[in-house]
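What follows is a set of notes on a single structure, which appears directly below.
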Protein chains: 2
Amino acid sequence: MGELNRVAIVGGTHGNECIGVYLKKKFSQSPTLVQRPSFSTQVLLANPQAVAAGVRYIDRDLNRSFDHDRLQNESLANYEDLRAKSIDQMIGPSSDAPVDVILDIHSTTSNLGLTLIIDDEKLFTLRLASYLQHLNSAIKVYSTVHSGRSRDALRSLAKYGFCLEVGPVAQGVLDADLFQRTEILIHTILDYLEQYNCNSVMRLNHSLTFYRYLDTVDYPRDDQGDIQAMIHPQLQFKDYEALYPGDPMFLTFDGEVILYSGASVVYPVFINEAAYYEKRIAMCLTEKVCTTLER
Amino acid sequence: MGELNRVAIVGGTHGNECIGVYLKKKFSQSPTLVQRPSFSTQVLLANPQAVAAGVRYIDRDLNRSFDHDRLQNESLANYEDLRAKSIDQMIGPSSDAPVDVILDIHSTTSNLGLTLIIDDEKLFTLRLASYLQHLNSAIKVYSTVHSGRSRDALRSLAKYGFCLEVGPVAQGVLDADLFQRTEILIHTILDYLEQYNCNSVMRLNHSLTFYRYLDTVDYPRDDQGDIQAMIHPQLQFKDYEALYPGDPMFLTFDGEVILYSGASVVYPVFINEAAYYEKRIAMCLTEKVCTTLER
């Protein structure tokens with residue numbers, strides 16, 4: 001065995017993100033698809049009650065329920081807190097079978113295409129991202145290293161946690177094209193991990209373009225917290241495109257345009273994600289990073 | 001006053017269809033927008049608890065809860081049944097203020113664009129549809145005269161009930177472009193009703209193309225009722241386009257193509273609507289009708 005012994009592929013962390021739910025089901029029915037010689041792969045349906053109900057979560061967002069204090073706090077006993085503790089005991093770092101890599105499959109109503117979300121910028125992580133981009137230049141890489149997701153997400157249980165975030169697709173909808181492209185991406189990642197274990201990773205130029213989280217922007221709201229404006233039509237579905245100071249950002253219900261008032265060009269992602277209204281996030285702003293990996 | 005005395009504009013019949021929810025809110029805050037001299041207009045948030053929870057419904061689909069027997073059955077007392085009875089008492093035919101026209105605003109994850117759903121093919125109804133199409137050729141008209149919707153939908157409470165069905169937009173998402181185009185459509189309908197009351201409707205050629213409901217098609221399922229295939233990528237978002245015998249219809253999770261096996265060309269609508277998975281509807285098939293209105 002190589003350095004990576006156990007990999008977990010996770011679907012249904014959010015119950016209404018169907019691509020992950022059905023990919024998990026496919027891999028459970030045909031486990032050889034995700035097996036590789038040098039490591040073992042398990043597949044996990046993270047939130048079965050939310051999947052059955054067709055909702056994101058039952059009591060609270062499971063993918064914000066894995067920070068260390070929550071997992072240790074025995075007084076937290078709602079469904080997702082219990083489920084987080086259970087998953088931690090199955091595959092977490094103190095379990096009998098800790099996983100080295102987690103691939104957590106998500107989908108979004110935003111136009112993220114095929115996005116690999118990375119929570120750290122370690123050389124291992126960036127090299128994997130670079131490899132994927134080399135094989136498919138359409139793959140986007142989003143670094144949340146400054147957003148805190150490395151502390152509370154399900155994928156934070158592994159040494160190397162990755163989120164596959166694909167869209168746009170409505171909650172509760174299976175999109176066949178995205179389903180197939182996500183499956184191909186998973187196979188490519190598993191092949192890379194196999195090569196890594198065997199010290200046979202292809203030598204590449206190792207250039208990489210990725211987008212690093214800077215901040216979130218909320219919808220304009222009134223004193224009661226009610227939304228006062230929508231994403232401007234010119235910004236809708238324009239994830240990863242440059243937003244310049246003075247560009248249209250929101251549109252009020254009366255047709256008034258609200259401009260982006262920042263000083264520097266940014267690259268918004270998760271524009272108009274359905275599940276983020278309640279989190280008071282209209283979009284996340286990122287900076288674009290172009291780098292060449294050393295060593 | 002003319003023949004039409006009261007009009008109701010309804011939003012939030014399904015709590016996660018945001019365009020109707022926010023148009024209702026806008027019209028409540030600025031009621032003069034929807035007033036016309038010859039009739040009174042009221043606006044109604046149909047399912048406030050579902051809106052607050054961000055879900056389609058609490059206990060059952062409100063827009064399938066208006067058939068006469070249900071409304072009369074006092075033993076039915078879940079939230080939507082109670083709400084249906086309450087709305088019937090406010091604006092139904094036996095109320096103190098029965099409405100003549102209902103415009104019920106819905107949205108869909110399918111690519112229906114701006115669709116006017118009509119539940120009857122009376123001359124009044126077809127003339128209104130023809131007028132709207134004359135002003136905006138992108139408007140589609142879908143007749144459910146053979147689907148039973150005239151018996152159980154909220155809009156069935158009025159003599160003339162119309163559903164505005166706009167998409168594609170994910171559940172829980174506000175799309176600014178669709179919001180604005182839906183608002184324009186509502187103003188156009190109100191203007192038409194005003195002209196109708198004043199006997200000043202523009203003389204038109206009265207040609208009309210519409211799509212008449214034929215049947216529903218479910219997803220392929222296994223013995224447990226689990227979905228075995230997805231909408232084929234070539235059919236996704238192709239609402240109102242011709243589907244010929246032998247065209248791809250579904251794609252299994254293993255990549256097998258399932259063909260449309262019908263004998264005649266049809267025009268699918270509501271392709272991959274999120275809320276219809278539980279209703280076992282992958283799409284509705286329609287026939288295309290091109291007609292010229294007499295008289």
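Each Cβ is built from the backbone N, Cα and C atoms, and glycine gets one as well.
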* **Identity of the Zn(2+)-site residue among A:His106, A:His134 (reference: A:His14, A:Glu17, source: TrEMBL)** => A:His106
* Taking the Cα atoms as reference points, how far is A:Arg64 (substrate binding site) from A:His106 (Zn(2+) binding site) in Å? -> 14
* Structure fact -> Row A:Asn63 (substrate binding site), column other C-beta within 10 angstroms, all chains, value 25
* Enumerate the residues of the same chain, A:His14, A:Glu17, A:His106 excluded, that satisfy the criterion Cβ within 8 A of the mean position of the Cβ atoms of the recorded Zn(2+) site; list them in sequence order. => A:Gly12, A:Thr13, A:Asn16, A:Gly20, A:Arg56, A:Asn63, A:Ile105, A:Ser107, A:Thr108
* Structure fact -> For A:Asn63 (substrate binding site), the closest of the recorded positions by C-alpha position, picking from A:His14, A:Glu17, A:His106, A:Glu165, is A:His14
* Asked: Between A:His14 (Zn(2+) binding site) and A:Glu165 (active site, proton donor/acceptor), how far is it from one CA atom to the other, in Å?
  -> 12
* Within the chain of A:Glu165 (active site, proton donor/acceptor), which residues six or more apart in sequence place their C-beta under 8 angstroms from its C-beta? -> A:His106, A:Ser107, A:Thr108, A:Leu112, A:Thr115, A:Leu116, A:Ile117, A:Tyr142
* Asked: Fewest neighbouring Cβ atoms within 10 Å: which of the binding-site residues A:His14, A:Arg56, A:Arg64, A:His106?
  -> A:Arg64
